[in-house]
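Below is one structure, written out as structure tokens; comments come after it.
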Amino acid sequence: MSAASLVVAPVGALADEPLSVRLEGLAAGERVTLRAETDDLFCVNGDPRRSYDLRRWTSGATFAAAADGSVDLDRDVPLAGDWHAACGSAPLYALRPRDEPRRASPRAPHVLGAVPVPDGYAVRIIAVRADGSELAACCTRRYAVAGTTVRDVAGEGFVARYFSPAPDEPHPAVIVLSGSDGRIEKAQIIASLFAAHGFRALAVCYFGLNGTARFLDRIPLEIVERACAWLSERPEVDARRIGVFGRSKGGELALAAASRIPALACVAANAASPLCYEGLRGSLPSRHASWTWRGTELPCAKIPLAALARTPFVRARRPDSFTAWLYGETLGRVAFDEVRFPLEHISGPVLLTSSVGDEVWPASLHGDLAMGALDAAGFPHVHEHRRYEGGCHTLTVPFQPAPALPAGTDLDAWAAATQAAWHDTLSFFEEHL
């Protein structure tokens, strides 16, 4: 067969940068199977406690070479495989764990210092031709840039991990709050990428590690207030330009905190809620507010007992979206203005991002309600709700695999929505911090 070449670029890049994959020198119409492999990937879209598994992740698709003997993943749609759109980054977001863990997953550490800081992962791209011969290339996907310092913060009234890029002159900063998984594994990946884009970034754990609450129940908003004060005292941080980013329940926390902490210059919240729902004790509702302020529980929306009683039946019929039904039932039975946060007190611009098809809770309706409250109050700052078709509740860092997407989700549409949401979030902070 003719000599062929496989070009993967960039060879080293941030995990949120697009990938290009191209084959040349094939025969016109030649079938070729392209496969991606990586070991021991930390999955930002999975259960953080499973991030300690050791397993192989793979993806693959088959293509037919164009008349000029090339296959270009940004141009060509696969004939068959794990993705179905023309996208150079598809081998990355289509990765799935294909085997059982190679060792028993150790218990996730409960001490901040024992939680590892992943710096990235290597991906091997393999092209298998019709005669069985193979071409291979490797690329590295990084979560951080060279020169970023990492520091653990404890004993300051909060638990966090701080990512600070060079140089040392004052930079804007972002506080990062992850969702109901708790802990810090996901928040630190997001914070590391914010740092790679020039922000000081502080990943804050608000429950699940030693020194924090055990459950997502009655969490003090003062955690964010202390984190903001800590950042403002650092010489490499511009204290006038501190923002907050949260996803899911962390987005709810971000909006609650920004409504009460004037030092926060802006807020971006992904798949968030502008009202206080009750907390969680494990997977069960706590019957108390998720958040407190100055020692008092915030007014909250509690899941109706009648809805809880019906949950097993609804879950049996719609296992991927029963919580969306449950939160929808809750939202429909409360007076929104009695449980919403005082969003009009936020000190600066607000960006909300959501998937129209969020399967966990009605995130797009949440965003619309928030915008309505801000409009009604004559909120003087920029405020925008961006909705993305084809996505789901997982809508954070692009080009990362999501092995537990809801049944029926279009993988490629989800990936495009995630890329757009992340780009819009970065652009928002670049403009407003």
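Yeah, the Cβs are placed from backbone N, Cα and C, and that goes for glycine too.
Straight from TrEMBL, the features:
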type: ACT_SITE; residues: S248; note: active site, charge relay system
type: ACT_SITE; residues: D358; note: active site, charge relay system
type: ACT_SITE; residues: H393; note: active site, charge relay system
type: DOMAIN; residues: 219-271; note: domain 'BAAT/Acyl-CoA thioester hydrolase C-terminal'
type: DOMAIN; residues: 339-433; note: domain 'BAAT/Acyl-CoA thioester hydrolase C-terminal'
If you count Cβ atoms within 10 Å of the Cβ of S248 (active site, charge relay system), leaving out that atom itself, what do you get?
26
Round to a whole number and give the Cα-to-Cα distance in Å for the pair S248 (active site, charge relay system) and H393 (active site, charge relay system).
8
Which residues of the same chain, at least 6 positions away in sequence, have a Cβ lying under 8 Å from the Cβ of H393 (active site, charge relay system)?
S248, A271, S355, D358, E359, V360, W361, A363
Per-region confidence, the domain 'BAAT/Acyl-CoA thioester hydrolase C-terminal' (339-433) (mean pLDDT, whole number):
97
